[in-house]
Amino acid sequence: MKRCCEGVGLPCLFKGVGMASSRPPKYLLIFDFDETIINENSDDSIIRAAPGQALPEHIRQTFREGFYNEYMQRVLAYMGDQGVKMGDFKTVYENIPLSPGMPELFQFLSKNHELFEIILISDANMFGIECSLRAAGFYSLFRKIFSNPSGFDKRGYFTLGPYHSHKCLDCPANMCKRKILTEYLAERAQEEVEFERVFYVGDGANDFCPSATLTSADVAFPRKGYPMHRMTQEMEKQQPGAFQATVVPWESATEVARYLQEVLKKKY
């Protein structure tokens, strides 16, 4: 399956991780993070580290649709002013629960790791994702993690940046997952790694954008009742056949594991 697009440089700080693979895998599996791997929105979760576990109204009123990354930069600056330190954030991230069935799915993938190349594309931040996945014991499953750069400055304040700029009108100003995915596939193709099928597990509107580029050989796993699921249903009503990938909604990630297991049974 040939897929191509142009390459792009990545921003610095906590920006991405890589693991070498001994042989080319058959399948690419893409995960979202918030409300997909974990059962919460991690940006909301970290408010538990704020004084009174709440934000003042004047901060909350600065939110603008499509500019959530900028809003979170202001939230983190406020939390830094209030004395919230790296260890406080780390504790919150490490204790966010995984979504139902996610440990079972990851255990299945661990047993079949040679067949799947696994990446994560998230509009959260690198520090939080790394803390969460390391605590859960599944960090090493991921060949690459794409998320907003984050770190701690000299004052000990948690800082956050945008991932990149793009021209997609449907995505937040700081990240288009479609752009990231197409560039990743192009990069892997240049390295002579091409995938028989692509699987995408997500929940949000920003997961619909990349999943809409999948082919009829691929599978989209939208979390049932979440924006990505609703948007696939709406597209099917308005433009039957326009969304090419097979759609497999899930409530528990064990449903994703079962589907992938059937794929492997038919293949092997």
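Cβ atoms here come from the backbone N, Cα and C positions, even for glycine.
According to TrEMBL, the protein carries these features:
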{"type": "ACT_SITE", "residues": "ASP32", "note": "active site, nucleophile"}
{"type": "ACT_SITE", "residues": "ASP34", "note": "active site, proton donor"}
{"type": "BINDING", "residues": "ASP32, ASP34, ASP203", "note": "Mg(2+) binding site"}
{"type": "BINDING", "residues": "ASP43, ASP123", "note": "substrate binding site"}
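In this view, ASP203 (Mg(2+) binding site) is surrounded by 25 other Cβ atoms within 10 Å of its Cβ, with every protein chain counted.
Of all Cβ atoms in the protein chains displayed, 19 besides its own lie within 10 Å of the Cβ of ASP43 (substrate binding site).
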